[in-house]
Structure formats: C-alpha cells, structure tokens
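These notes concern the structure reproduced below.
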Amino acid sequence: MVNDASLATGLFATRCVNIAAVVILLYDHALTLGTEVRLIWPAKFTSAKALFLFERYCVPAGMLVYIVQLFSGLYGATFSDEFCRWWMGIAAFVAWAAVASSNFLILLRLWLVWDRNRQLMIWTMFIFIGLQVAGLACAAIVVQEMTSSMAWNTEMQMCTWTVSTVHVAILWVPGMAFDLIMFCITWWNALTKPRPSNTPLATVMYRDGLYFFLILLGLRMINTVLSSTDKHISPGLTFIAMFPVFCLTSLTTCRLVLRLREASEVEHADEEPEDDYEELEHSSSVVHVETVKTVITLPILHKRNEASYPGLKPGSESLAHAAQNIREEAAKSGKDIASAIAGVNVPKDGFLGVTGFVASEVPRPVLAFGLAGTIPYLGTGATTVYLAHQASLAVTGQVGQVDPGVAITILDQALNVQVTYGAVMLSFLGALHWGMEFAGFGGHQGYKRLALGAVPVLVAWPTLALDPTMALAAQWAGFTALWWADLKATSLGWTPKWYAQYRFYLSILAGACILGSLAGITYWGPVGGHGLLDHELELIRDQRSVLAKKVEDASNDEITIVKGEETWTRLRKTEDIERERAEKEGKKPPANKKKEDSEQEDKQE
C-alpha cells in the first residue's frame, strides 16, 4: 500500500518538475526563434531541415498534451483508459523518433567536421542504422507492455500503468550507446588526424560537441536509472524525470545545431552563400564526397607537418606518433579541466599541477574547517545507507542486526538531520558573499553580490517542508548551482582565486554523501520519511497477527503455540517426532497413547 501523503508529495513534485521543463523549453525556443528564422527558414527544404523542424516543434507539442493530462485533476477532467494507451504509445514512438532525429542531425555535422572521411561515414552510418533499429524494437516492446497495463488512475488523476514490469528504461539504452561511440570517434579523429586550419566551425564543433555528448549522455543515464528503479520509489515519482529529460534533449540538440550553423555562417561570410543542409543531405554521394575530399585532403597530403586541432600538433604518421599526440592532448585537456574548475589561469602544466598550485594557496584554517564541515554529511550518509539496508531486511522477513522499528526511526531522523544540515550549509555559503561584500573584497558590488548571498537561503530552507528524498535532491542541485555561481564570481575577482576550486571539491564530497543516501534508500528501501514508521510497519505487524491467528485456529492438542513479542513458535510433541523417525527407518511406529485412550473410552461408552 502507498502512503497517501507520499503519493501527494510525489505527484506535486512531478507536476512542478514537468511544468518547469516545458517552461524552459518554450523560453529557450523564444530566445532562439530569431536565429532559427534567420538561418533555418530561408534554407532549401531538405530532409535535414525537416528533421530539425520535427525536433524543434513536435517535442513541445507532445509535452503540451502531456501537461494537459498531468494537470487534469486541477480542473476536474478525466480521460479514458483508451486515451492513456493511445497517448503513451504515441509518446514512446515520438520519443524514439526524436532521439533518432537528434542523433542523425549531429551525425551530419560530425561528417562535415571529419572532412567527410568516407570510411568514417560508412561505419558511423552502419552504427546509426543498427542502433536506431534497436531503439525502434525497444519502443515496440515498451508499447506492447504498456498496451495491456496502461490505465487512467482516478486516485492519482493521471495515466499510469497497473503493473511494475514495464521496461521503460530500455528506451534510452540505444541512445546512450550512440553517444558514447560518437564521443570516442570524434575525439580520436581530433587527436590523430591533421586539419587544414583551425576554423571557427571546427572550434565550435569540438567545444560544444563535447558538452553536447556529455550532457545528453548524462540526461539519458538519469532517465535510465530512474526508470530502472521506479519500483523502489513512490508511484507519484514515476514520471518525474522521463519527460523533462525529453525536453532537455530536444533543447540541447536544437541549440547545438543553431550554434554550429552560426559558426558556419561566420566561416563562410566572405564566400557565396551555401545551403549547408542541402550539402549535408547529399554528402553520401560518391562523386560529391570524392570532390570535397580532393579539395580538402590534397593539401594535407603535401603538408604532413600542418597542425591539427585542438592541440596544434603535427598529424600522426604512425600508431606510436598517434599515442604520443593523445598523451599530449590528454595532459593539455587535464590542464584545461583544472583551470575551468578553478576559474583562473595558472602557469602550471597538467591537471595535478594546476590543482596542486591552487590548493596550496588555500589557508590551512579554511581548509581544516571546510573538511570538518563534511563530517556530518559522512556520518549521516553512512548511517542512512546502513539502516536502510537493515530496514529492508526486516520488511522482507529476514533477520537483521537492528530492530526494524529502531532502524526506521533512526533512519528517518538521520535523513532529517542531513536535510537540516544541508539547509544550514547552503545558507552559510550564501552568507560568505555578504561577508566579502561588507569587507569590500574585489570592490563593492552592491545588489549583485548581496542577491547572490540571499538566493541560497531562499532555496535552502523551504526544502525542509519537502519529503526528505526530494529535499536532498533539491539541495544537491542547489550546491551544484551555487558552485557554478561561485565559479563566475571567482573569475570576476569577487572572491579569492582559490575559492572556486575549494568549493568544487567540498561540494563533490558533500554531493557524494547526498547521492549515497539517495542511492541507499532508493535501492534498498524502505525510505524514512514516507510514513513507513506509521503505516507500513504497522501493516507488517498486522499481517503477522493475522498469520498467528490462523495458526492458533488451526492448532490442536498436538501443537503448542508459544507467542513472543513479534514471533510465534510451533512446538511439536515428542511422540510425533518419534513416529516420523520410525516410519523413515521402516520400524513399527510407537503406539499413540492418546488414540488408544480414546478408543478405550468409546468401548466403555
């Protein structure tokens, strides 16, 4: 049984997250509409343009339909089971089509950056077709499972499935595989193959392409994990991330295509206008590809020492040379990552060099107290994981090391302590900006820095009213967003140069504890704070009482019931055990004294 309060909280969170995702999608659409009108609409209508427009407009339309049924309880509307089956079936295939469209659009852009390498184009096309066929098969499996189980839930006022065997997670697996493969191929090509020039288009592709694949891979992993663990969470949270990730995937794809289109326009500003979409669409033609390769690759064959993007290293002439280039590029990338984390440029080489230099600038008292501040997170996180495991053993009827009532009580308290401490820490981190403003560090910034210090307080304390699991997730997002703001503040000189890196690693430690707690209570369960102490535990005890009553009613003089606090033991008489032992050994069973006495009484009567 599901706690009504937990169900209501989950539904409220799902509706808030989904409406926020739709608002973000529409807001970004409004921001980039001018760029779309200028760059996309005048282009000749081709298959690539059609895919972009499908990705651009079909996803918002589908999300609006989903929002209508999700918020139907607010205006008293109800839908039939047939509508739910129709809608979710269409949504599954639209999701597959949107993922396939985004993958193909990015593949077209990658072909352009790869100088239309014929071998790469053929192999990547085979990979694309294979994974999209797998994705279509997964969508068909999900639709088949949902057809028999999807129905309108009058209690939740939304479409849900009535069984827990719908494998929604498989929808995202082919997309994740495609992202990983394309990411590896793109960077291998960048590190080992020389390029004719460091063009703006290539710069944007490698920079934004990295972000695109990482963001998209992260979003699909989130969807896969949440869809795989939906049986461990409240039914109200089943759709909390599925459709928002759908929105963000579409947003990310359209953003990348528009940015690449802008970069291509800048690169060819002095040349005659060229319809890049038409060019990409027909790039599979042998004549076209060979012509383009002649223009681009012949200078490379005559200039083997020409620099390649992004490391400006000579083109690889052998596997050993390629390995050397990769090591050098990895070291440079490590330095870039460390510099991005720190928010400042440091005259050191490598990830460890930059990180160690910035860390050496942190005052020892600040470092000591910062590390000490993570101890409560470590303690509550470890306690939560351990007690969640013990409580799950008790619920499944296994013997644990801790009494179930005690385990769940302490689990609930540990989660509340962690949430409260997180609110205090977020408020403290915001207050630091007020202190630096009062001290005039980096100059007096006025309302900007004061607002930066006030926002964490306004975000942190309302999380105490949320369910502990939702509160921890919100605080984790708050720590991440605040670090990004601190990174910008450090780059502007509002904080010490070491502050952004210092905050990053402390946030990683605190975030790991939060995610560990969420993983523990999600994987093992039961979850403290969801009414388990007041409801499910009592249900378990009631079931045991019913079982004991059945045993007592079925007992006779040969069985004795010995009742403990929460256990009942059945003791059999010695003569029954001796009779069974004799039958197994083939001997004559001992006489049943009670039966003989009863027969003797009957004769006397």
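Every residue number used here counts from 1 along the chain in the order it is shown.
Cβ atoms here come from the backbone N, Cα and C positions, even for glycine.
What TrEMBL annotates here:
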| type | residues | note |
| --- | --- | --- |
| TRANSMEM | 12-33 | transmembrane segment |
| DOMAIN | 16-60 | domain 'DUF6533' |
| TRANSMEM | 54-74 | transmembrane segment |
| TRANSMEM | 86-108 | transmembrane segment |
| TRANSMEM | 120-143 | transmembrane segment |
| TRANSMEM | 163-188 | transmembrane segment |
| TRANSMEM | 209-226 | transmembrane segment |
| TRANSMEM | 238-258 | transmembrane segment |
| TRANSMEM | 504-524 | transmembrane segment |
| REGION | 573-605 | region 'Disordered' |
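Distant neighbours of the transmembrane segment (120-143): 88-89, 92-93, 95-96, 99-100, 103-104, 107, 110-111, 114, 166-168, 170-171, 173-175, 177-178, 181-182, 185, 189, 283-284, 289; these residues of the same chain sit at least 6 beyond its ends, with a Cβ under 8 Å from one of its Cβ atoms.
As a summary of secondary structure, the domain 'DUF6533' (16-60) carries 38 helix, 0 strand, 7 coil according to DSSP.
Mean pLDDT for the domain 'DUF6533' (16-60) in the predicted structure: 87.
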